[in-house]
Amino acid sequence: MNALDEIIDGLYLGNIFSPRNGRILKAANIKYILSVTHDTISLPNDHEIVAHRRIEVEDYGDVDILEHFEEANKFIDTALLSGSSVLVHCVQGASRSASFVAAYLMQKRGWSRDEALQFMRSKRPAVNPNQGFLEQLEVYQKSDCKVTAESPGYVDWVKRRDEAFAKQMQEMQDTKVT
């Protein structure tokens, strides 16, 4: 698997190693980096980075990524409109960052979740969002790529997530008692 792959002109998807290599960043004209991870990234000193944004999320399906899509899409737009390239990465470049790139393509190109993911896999076969992120991308699609805390799809997703968590906690409690 490559450290990074170009998904559309100027938009790269990569792993944890990709933002650390100034030679690769320079060759791709990457001056904006969106890190979708809790990990702190050491950026190279030999390449100018205009902006680095970190969205701290773990790769668990119950983590709310919907709340970050608007911010991420604006960041990607800013980079592309500047004439520079942008790298979106997580640890493997397969689940978290791929979900954010899919959301961007869905919003900008009017694609469905499945169309975005299929296109992305043609460029980076490792693309594989976890099940919870796939569900959130479906909510994003059904909400016409405009999600607020009051959006019915978002409210339903949060309710399902919270109910599943409560059920798990109850099962753990029941196991301890018996």
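Placed from the backbone N, Cα and C atoms, the Cβ positions cover glycine too.
As annotated by TrEMBL, domain 'Tyrosine-protein phosphatase' applies to 2-146. If you look up TrEMBL, you'll see 67-127 marked as domain 'Tyrosine specific protein phosphatases'.
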Structural state census, the domain 'Tyrosine-protein phosphatase' (2-146) (DSSP three-state): 62 helix, 24 strand, 59 coil
For the domain 'Tyrosine specific protein phosphatases' (67-127), mean pLDDT (0 to 100): 98
